[in-house]
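A.B. asks: This is the structure I have questions about; it appears just below.
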Amino acid sequence: MAKPNTNIDYNQTVISIRGLKKSFETNHVLRGVDLDLYQGENLVVLGRSGTGKSVLIKIISGLLTADSGEVLVLGKDMNNLSAKELRDLRIKVGFSFQNSALYDSMTVRKNIEFPLVRNSPKLTRKEVTMQVEEVLDNVGLLQTINQMPSELSGGQRKRIGIARTLILKPEIVLYDEPTAGLDPITCIDINELINEVQQMYHTSSIIITHDLTCAKATGDRIVMLLDGKFERQGSFDEVFNTTDERVKAFYDYNFTQ
Amino acid sequence: MDTPDSTAEQVPVKRPNKLAKSLAGTFTDLYNVVRFILRFFKEAFVPPYEGKELLRQCYEVGVRSLGLITLTGFIVGLIFTKQSRPSLSEFGATSWLPSLVSIAIMRALAPLVTALITAGRVGSSIGAELGSMRVTEQIDAMEVSGTNPFKYLVCIRVLATTITVPILSTFAAFVAILGGYLNVHQNEGTSYSTFIAQVFEPLSFLDFESSLIKSIVFGFTIGIVGAYKGYNSSRGTEGVGKAANSAVVTAMFLVFIEEIVIVQIIGWFR
């Protein structure tokens, strides 16, 4: 599936990272990462498991703190935010978790309205219901509104996870392995949904994946994390048109399986 | 190259390191617990108050423990009375049974039994629930959506146990005294009004007060231990089991320690 045309504003950076380093004891995961995400862009971060892809977006969302380096999200320095500023910023930065992270004691409706009710306490019951139904309709799962997460398939859970992210109308969406553990057909559905979200909600996104089909279908630009740094970036073809054995091995593994 | 002497010298060098690490670990844990408790007091009493969720948690802790508390309280009262009778009858003092039962139940048994049951039923449930939420990134999901998970998950549960355990304890005392009454009535034929009069005769305001204070402290302990273990559980399903287990064991241990300390303190005021 070809990536639809998108309106990217290359003059406006929504995330800017310079010299980001993060270690866990002796494991140096990120060793000086530089990154820019532009307004309206879908940026795919590729890399093998354990290379720090998820650590990167957890730092962007404030779940982890950087050891050193500068992380600017919507112009705010993540290293110098008060609790309130961080909370306000998080409303604008959605996070779609690898395992969806749905609240398993709540129905789909409660899952989606949970962040909305807490961040917009003045909304009436009717307004909340309308917004929940609208976002569920946008991800094609309005019929599951009263189901429990345990009753949903893997693909449905991913969609509901994305819907819960979208209910706050974020400016940036961070996707952590959106197609992990799904069958190929459902992967295509999720890739399409990521592109639809970009079009409908005018979001900028970082998509963490090691699935090259997902990368090709959703990425306006692709960066590859190798040995704790972004070694290659550009379009899909630019990134993989190389003699670098590490990159070629990654490509061969994905497309010869 | 290692000589036999140099190898022998390594042994005493390693021991203090291990001890130092273990001590450092203990102090770090203690520091984290203190921080956790301070964070609770900092965040629990500021808006938003999440009244609905607090009521739901009180229901979970209170109403759902009621059956077990009723059964245990009744049996404790009944058995305690039955077992005390032979000793008192040796001195011809079976008429003191109601007083003995009321003092034992109000001062020690009701708060202690309630706390132990709640620690087993609720402490483990809080530990497992929060541990599972931590492992499946549900706590992270709350955090990134602009909700304060500490306030919503931890503060509410700790407040719920702190409010509910004293109520359960009072109820347990009532049921235990009822159990004692049935036994006394069956054996001595004491009327209900006489029994009740004898039950309240030896009790002072300090007894009710100390029972209430104990229950509040026990309730807080059960909630904070369960929440701390669950909220900070390590990754993986094994961590969830450990959190639940550790929540019960630690809470029960602390309840006994607190019982001793509070009894000592109350003793100074008698």
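Using the three backbone atoms N, Cα and C, a Cβ is placed for every residue, glycine included.
According to TrEMBL, the protein carries these features:
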{"type": "TRANSMEM", "residues": "B:61-80", "note": "transmembrane segment"}
{"type": "TRANSMEM", "residues": "B:100-119", "note": "transmembrane segment"}
{"type": "TRANSMEM", "residues": "B:158-182", "note": "transmembrane segment"}
{"type": "TRANSMEM", "residues": "B:212-231", "note": "transmembrane segment"}
{"type": "TRANSMEM", "residues": "B:243-269", "note": "transmembrane segment"}
A.B. asks: Report, as numbers and ranges, which residues of the same chain sit near the transmembrane segment (B:212-231): CB under 8 Å and 6 or more residues beyond its ends.
C.D. replies: 33, 36-37, 40, 111-112, 114-115, 118-119, 122-134, 139, 150, 153-154, 157-166, 168-170, 243-244, 246-247, 250-251, 254-255, 258-259, 262
A.B. asks: Could you name the stretch, out of B:61-80, B:100-119, B:158-182, with the greatest number of CB pairs under 8 A to the transmembrane segment (B:243-269)?
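C.D. replies: Counting Cβ pairs under 8 Å, the winner is B:100-119.
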A.B. asks: Near the transmembrane segment (B:61-80), which residues from the same chain, at least 6 beyond its ends, have a CB less than 8 A from one of its CBs?
C.D. replies: 101, 104-105, 109-110, 113-114, 117-118, 121-122, 160-161, 164-165, 167-168, 171-183
